[in-house]
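Novice: Below are the structure tokens for one structure; questions will follow.
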Amino acid sequence: MDSVAHAAVISSSKLSYGGRVSFNKDKNPPLRSSVVSLRNWRGPSRNLGVLAAQIGNKEIDFSDPDWKTNYQRDFERRFNIPHITDIFPDADPIPSTFCLKMRTPIMEDFAGGYPSDEEWHGYINNNDRCFLRSHYSSPTSAGAECIDPNCTWVEQWVHRAGPREKIYFKPEEVKAAIVTCGGLCPGLNDVIRQIVITLEIYGVKKIVGIPFGYRGFSDEGLSEMPLSRKVVQNVHLSGGSLLGVSRGGPSVSDIVDSMEERGINMLFVLGGNGTHAGANAIHDECRRRRMRVAVVGVPKTIDNDILMMDKTFGFDTAVEEAQRAINSAYIEAHSAYHGIGIVKLMGRNSGFIAMHASLASGQIDICLIPEVPFHLHGPLGVLRHLKFLIETKGSAVLCVAEGAGQNFLGRTNATDASGNTVLGDFGVHIQQETKKYFKEIGIHADVKYIDPTYMIRACRANASDGILCTVLGQNAVHGAFAGYSGITVGICNTHYVYFPIPEVISYPRAVDPNSRMWHRCLTSTGQPDFV
Ligand SMILES: Nc1ncnc2c1ncn2[C@@H]1O[C@H](COP(=O)(O)OP(=O)(O)O)[C@@H](O)[C@H]1O
Ligand SMILES: O=P(O)(O)OC[C@H]1O[C@](O)(COP(=O)(O)O)[C@@H](O)[C@@H]1O
Ligand SMILES: [Mg+2]
């Protein structure tokens with residue numbers, strides 16, 4: 001029997017003490033997890049009742065009558081979003097130059113700001129908040145994320161995104177830059193477009209694109225691209241990034257030097273975990289140098305692996321586009337004698353695309369993701385189940401996430417320019433193992449392998465992602481004008497919100513093997529546990 005594919009994460013999530021309690025199943029918990037997880041648990045024997053819990057580096061003593069107040073205060077502190085007045089307490093705001101009645105940059109009526117005595121203006125109050133989580137009334141409730149053993153209601157909310165009545169930048173003094181980093185993702189152009197359009201509505205005239213990710217700040221021969229509504233008007237009609245993307249690049253200090261030289265005081269950073277780590281470091285460095293700058297992120301990851309977000313842009317498009325590949329694999333498999341179709345989809349650490357695409361298609365018999373361990377060989381292995389499917393159904397279709405089954409492949413320790421581990425190709429491996437297995441057992445099998453990954457990533461955004469990109473792009477600009485920096489925008493619990501960057505990138509979000517969604521996927525595929 002071969003080794004079991006290691007789950008990249010802890011798969012157990014249930015703690016029993018008195019009643020059965022299901023805790024947060026976020027994996028690889030961060031240092032400052034907001035809910036109790038198994039790994040962070042430092043209470044007494046699980047069956048003796050819980051008196052205290054270790055959450056991150058803080059111990060919560062549930063017998064303290066003030067524990068909840070303290071927790072909520074700490075939560076508020078963590079999710080506070082950095083503001084320009086933190087370092088420039090005397091910074092004076094001006095009335096916003098943006099209002100919902102103003103749709104183009106040149107409305108004479110509102111020159112110098114929207115009149116504040118109007119009854120309706122559509123602004124967000126700085127104290128508006130959105131709840132981060134739903135309330136689970138019982139720890140036994142499916143998916144319950146509890147702080148304490150009784151799963152009592154603990155307020156956890158984040159700042160609402162949107163335009164404010166007062167702004168901290170004069171549009172005529174703004175030089176805004178946009179940079180897109182990491183891999184491609186459907187919707188990048190939609191976000192660029194919306195940022196430019198919204199900046200112009202505020203009255204900004206100096207808008208530039210930094211070419212090819214962070215490299216564009218340093219590489220000779222790469223010059224900034226002037227942007228305007230005219231330039232970006234139709235960019236969303238094609239995939240990719242108008243500005244280009246890259247991995248690796250200059251140091252944070254060099255990037256900030258370059259920003260100073262160019263006079264950039266608003267930076268919009270579109271990228272994933274790595275890009276946001278960079279954006280946060282840029283924000284810190286700007287503060288250290290006492291620069292009056294807003295650095296705002298828009299999370300871009302086709303893998304959907306950013307914490308706390310309902311989803312990230314491009315993910316819906318990826319799932320939709322993956323249907324074509326899955327359907328092709330299905331047709332091939334069903335038209336062949338003993339046909340087996342294998343589709344590999346992206347997902348470095350997280351199997352969201354594979355899970356959602358499998359579920360959406362209803363055509364997948366086996367879905368393999370990095371978060372769920374499996375055997376390939378042996379009585380419980382994937383290959384034995386494939387034999388069963390061929391014998392009973394005559395064909396089979398597999399969907400594998402790129403990060404699945406990495407322990408079956410030789411480790412190279414290679415990393416890309418950004419320091420990400422270069423993965424082995426599990427899709428090719430399982431294709432070869434399948435062919436070999438059926439040859440060995442003397443059963444005919446016609447194996448077809450489809451790797452549509454870059455075709456999916458290079459697509460233009462679908463309608464729903466297009467709308468998501470529009471809202472995120474607008475809110476990024478609103479956040480910058482409101483004087484926030486070191487923040488990122490996201491959709492959370494159906495609301496658009498601002499997060500402090502470190503809270504969403506402390507580790508990649510992963511599929512919860514105990515979630516109802518993974519269970520739904522399993523009921524659709526009908527696959528057994530391969531361990
Ligand atoms: N910890 C970090 N600090 C600063 N910059 C980083 C960090 N990690 C990655 N970057 C930079 O962010 C950019 C994108 O990172 P990458 O991991 O390739 O993509 P993604 O942002 O999609 O995760 C690269 O230019 C990389 O150099
Ligand atoms: O070939 P590349 O450009 O390194 O991209 C491959 C990676 O891009 C992704 O689609 C997304 O990665 P990023 O979020 O880092 O851009 C991963 O799933 C995949 O491993
Ligand atoms: Mg990344």
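The count begins at 1 with the first shown residue.
Backbone N, Cα and C atoms are what each Cβ position is placed from, and that goes for glycine too.
Straight out of TrEMBL:
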type	residues	note
ACT_SITE	Asp303	active site, proton acceptor
BINDING	Gly183, Arg247, Gly248, Gly272, Asn273, Gly274, Thr275	ATP binding site
BINDING	Asn273	Mg(2+) binding site
BINDING	Thr301, Ile302, Asp303, Met346, Gly347, Arg348, Glu402, Tyr454, Met455, Ile456, Arg457	substrate binding site
DOMAIN	176-478	domain 'Phosphofructokinase'
SITE	Gly274	site 'Important for substrate specificity'
Novice: So which recorded positions are near Thr275 (ATP binding site), with CA atoms within 10 Å, out of Asp303, Gly347, Glu402, Met455, Arg457?
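Specialist: Passing the 10 Å Cα cut: none.
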Novice: Note the Cβ centroid of Gly183, Arg247, Gly248, Gly272, Asn273, Gly274, Thr275, the recorded ATP site, then list each other residue of that chain whose Cβ lies within 8 Å of it, in sequence.
Specialist: Cys181, Gly182, Gly271, Ser418, Asn420
Novice: What mean pLDDT score does the domain 'Phosphofructokinase' (176-478) have in the model?
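Specialist: Its mean pLDDT is 97.
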Novice: What is the Cβ neighbour count of Gly272 (ATP binding site) at a 10 Å cut-off, with all protein chains included?
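Specialist: Its Cβ has 25 other Cβ atoms within 10 Å.
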Novice: I need the least crowded one of these recorded positions (Asp303, Glu402), counting other C-beta atoms within 10 angstroms of each C-beta.
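Specialist: Across Asp303, Glu402, these recorded positions, the one with fewest Cβ atoms within 10 Å is Glu402.
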Novice: Across all chains shown, how many C-beta atoms besides its own are within 10 angstroms of the C-beta of Gly274 (ATP binding site)?
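Specialist: For Gly274 (ATP binding site), the 10 Å Cβ neighbour count is 19.
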Novice: Where among the binding-site residues Asn273, Thr275, Thr301 do you find the Cβ with the fewest other Cβ atoms within 10 Å?
Specialist: Asn273
Novice: Spatially, which candidate from the recorded positions Thr301, Asp303, Gly347, Glu402, Arg457 is nearest to Gly272 (ATP binding site), comparing Cα atoms?
Specialist: Thr301
Novice: Should any of the binding-site residues Gly183, Arg247, Gly248, Asn273 have a Cα within 10 Å of the Cα of Thr301 (substrate binding site), which are they?
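Specialist: Near Thr301 (substrate binding site) by Cα: Gly183, Asn273.
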Novice: Around Arg247 (ATP binding site), how many other C-beta atoms are within 10 angstroms of its C-beta?
Specialist: 19
Novice: Among the binding-site residues Gly183, Gly248, Gly347, which residue has the largest number of other Cβ atoms within 10 Å of its own Cβ?
Specialist: Gly347
Novice: Among all protein chains shown, how many Cβ atoms are found within 10 Å of the Cβ of Met455 (substrate binding site), not counting that one?
Specialist: 14
Novice: Which binding-site residues of Arg247, Gly272, Gly274, Thr275, Arg457 contact ligand 3 in the sense of C-beta under 6 Å?
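Specialist: The ones that qualify, in sequence order, are Gly272, Gly274.
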Novice: Relative to ligand 2, which of the binding-site residues Gly248, Asn273, Thr275, Thr301, Met455 have a Cβ found under 6 Å from one of its atoms?
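Specialist: Passing the 6 Å Cβ check against ligand 2: Thr301.
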Novice: Based on a Cβ-to-ligand 1 distance below 6 Å, what subset of the recorded positions Asp303, Gly347, Glu402, Arg457 would you report?
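Specialist: If the test is a Cβ under 6 Å from any atom of ligand 1, the answer is none.
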Novice: List the residues of the same chain that sit at least 6 positions away from Arg457 (substrate binding site) in sequence and have their Cβ under 8 Å from its Cβ, in sequence order, or write 'none'.
Specialist: Gly183, Leu184, Cys185, Pro186, Ile302, Ala318, Met346
